[in-house]
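Okay, structure first, notes after.
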2 protein chains.
Amino acid sequence: MSSASPGAAVSEFDLIRRHFTRSTTHTELAIGDDAALVRARPGMQLAVSTDMLVCGTHFLADTDPEDLGWKTLAVNVSDLAAMGAEPRWAFLALALPAVDEAWIEAFARGLFACADAFGVDLAGGDTTRGPLNLALTIIGEVPQGEAITRAGARTGEDLWVSGQPGRAALGLAALRAELSLNAAARHECLAALQRPQPRSALGQALRGLASAMLDVSDGLLGDLAHILERSHVGAVLDAPSLPLAALLATGAPPGSARHCLLSGGDDYELLFTAAPGARATLGALGARLGVALHRIGFITAQAGEIMLHEADGQRVSLAAAGYDHFARKPAPS
Amino acid sequence: MSSASPGAAVSEFDLIRRHFTRSTTHTELAIGDDAALVRARPGMQLAVSTDMLVCGTHFLADTDPEDLGWKTLAVNVSDLAAMGAEPRWAFLALALPAVDEAWIEAFARGLFACADAFGVDLAGGDTTRGPLNLALTIIGEVPQGEAITRAGARTGEDLWVSGQPGRAALGLAALRAELSLNAAARHECLAALQRPQPRSALGQALRGLASAMLDVSDGLLGDLAHILERSHVGAVLDAPSLPLAALLATGAPPGSARHCLLSGGDDYELLFTAAPGARATLGALGARLGVALHRIGFITAQAGEIMLHEADGQRVSLAAAGYDHFARKPAPS
């Protein structure tokens with residue numbers, strides 16, 4: 001961590017720093033100097049991502065600090081998973097309005113739980129006084145030339161999504177009392193929202209298999225559009241192949257379930273494309289990792305266009321601004 | 001940059017991102033995917049530093065945005081200089097209360113001016129809505145094993161400081177109308193405060209010469225204490241060797257000039273130790289780089305103790321909490 005901020009008592013911030021200072025396993029020099037020192041392994045390219053979480057924009061002031069600590073790191077681990085990269089080092093800059101030691105202790109506990117789960121060293125950062133703000137930068141490694149970008153999707157390839165997108169959005173709607181879920185489903189959906197499980201092992205295993213990939217943070221349709229834009233292709237979504245059944249079983253109204261599946265963010269599932277020849281390998285991979293992989297459509301040459309093929313044969317174009325409007329309009333229920 | 005924030009219109013943040021998207025020279029994949037991709041050169045260790053600047057704590061809301069853009073990057077370049085590392089890639093997370101395009105454009109201009117001056121690629125980041133907050137992470141390179149930490153100072157070595165510490169603090173005091181400076185000095189001191197020039201070339205040139213180093217961000221005495229603590233040594237400061245003359249020539253009261261020299265932060269000069277045998281080499285280096293290097297004292301075995309040797313033979317101990325009190329008390333004038 002760098003030096004204390006002007007206007008803050010040194011001892012207060014020393015106290016905070018103690019909560020974030022722990023032994024590291026693969027960092028050559030961690031917290032306590034002007035910079036941390038780390039070394040990339042031979043043949044490795046570095047993948048770097050930064051996310052800033054702001055109180056009132058990304059989370060509420062009364063969010064459980066332990067969950068928040070987990071999520072602050074988890075969303076960055078997910079960004080690296082989406083590149084096929086292994087997370088290695090994290091750097092946390094945080095602004096705190098006041099020193100609430102219980103809050104800080106719980107936040108650090110959540111952060112380190114996630115760090116332990118994914119093999120990340122907290123190698124440095126900065127602590128200062130200000131409106132609550134969490135900025136985390138993560139550095140990971142990926143074998144040179146093997147990173148999976150958003151730009152590699154080709155016409156005729158399959159479109160896949162991992163796990164169960166939509167649960168986090170249902171959880172948020174339930175928290176806001178916009179809908180009600182049955183008890184077990186509510187628990188699961190809140191866990192998806194508050195303790196997202198980034199698909200780190202899956203992302204790394206998809207090197208050499210996925211041609212384009214990202215993590216679903218803004219909603220399946222919106223994020224699919226990012227792949228289409230960078231790859232200059234279009235996509236067909238096969239409605240009956242979408243993993244809707246589990247969301248319908250939550251007790252949510254069918255319209256809301258479908259809306260959350262297509263447009264809900266915050267699940268941090270992986271959306272990727274792969275050649276049809278990889279289907280058997282992907283099936284085995286999902287089974288080995290215990291992650292459902294859903295083949296939900298395919299890539300077309302119609303740049304930027306998303307077509308939805310409904311079970312009844314209806315074909316809905318979600319081209320251009322259409323998908324955005326579709327993704328963002330209130331769900332019928 | 002990663003995806004837009006909840007609650008923010010996508011187009012607004014796309015607009016912001018355009019101001020921060022520029023071609024890069026040594027980044028394999030920059031803004032626009034889940035993570036940036038960069039590659040360390042063979043034999044290089046990575047030095048990583050993060051600083052968070054908060055409106056109201058580190059700068060005022062009416063700070064010139066172009067200066068702020070420069071300084072946001074410059075303070076991080078300085079952290080790497082203090083390790084002997086070459087700055088390479090920056091990642092900016094910023095929270096903005098509203099989209100003020102003129103402000104953003106000026107901030108980006110200052111940031112990129114600094115990036116150009118020091119060979120840094122802006123390789124990624126995040127933009128979100130929230131109270132004004134700037135978190136910058138910088139990654140640099142240093143040949144493996146050659147980084148200069150705070151821990152290498154040895155008894156009998158010389159203590160050096162670069163340039164003119166104290167000008168930024170005098171500039172701040174002048175801005176606050178706590179003292180007045182003559183016109184030319186005021187201009188210089190405000191420039192030191194608003195457009196600090198990190199000692200990047202000097203820091204890198206000191207590899208193999210300096211045994212311990214840091215940048216003076218909190219004040220010479222307070223930062224010296226960090227070297228002493230990490231190196232388990234003490235120091236004698238030779239008062240007549242301190243570069244006070246130029247500060248006295250500003251028109252500031254002598255007490256304030258001395259206080260700003262010893263305790264003022266924000267100049268980002270380098271404070272380092274070196275063996276006496278390096279004096280001639282350091283003299284030549286300073287001349288070559290056009291940077292004054294002042295030999296201001298030496299390292300002792302009295303761990304944690306700072307002794308000030310005055311011109312009149314008086315010896316003042318600034319041990320333990322003493323230096324801190326000394327450093328922070330209001331200056332007599």
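Including glycine, each Cβ sits where the backbone N, Cα and C put it.
Of the listed candidates (A:Ser23, A:Ser49), TrEMBL assigns A:Ser49 to the same Mg(2+) 4 site as A:Asp34, A:Asp79.
The two recorded residues A:Asp218 (Mg(2+) 5 binding site) and A:His58 (substrate binding site) have their Cα atoms spaced 12 Å from each other. Chain B comes within the C-beta cut-off of under 8 angstroms for the following of the binding-site residues A:Asp51, A:Asp79, A:Ser217, A:Asp266: A:Asp51, A:Asp79, A:Ser217. Predicted-model confidence for the domain 'PurM-like C-terminal' (A:156-304) is 95, expressed as mean pLDDT. For the pair formed by A:Ser49 (Mg(2+) 4 binding site) and A:Ser217 (ATP binding site), distance between Cα atoms is given as 14 Å, rounded to the nearest Å.
Within 10 Å of the Cβ of A:Arg150 (ATP binding site) there are 24 other Cβ atoms, across all protein chains.
Other Cβ atoms within 10 Å of the Cβ of A:Asp79 (Mg(2+) 4 binding site), summed over all protein chains shown, number 30.
Each residue of the domain 'PurM-like C-terminal' (A:156-304) gets a DSSP state, and the totals for helix, strand and coil are 70 helix, 29 strand, 50 coil. In the three-state DSSP assignment, the secondary structure recorded for A:Asp79 (Mg(2+) 4 binding site) is helix. Here the C-alpha separation of A:Gly125 (ATP binding site) and A:His58 (substrate binding site) works out to 21 Å.
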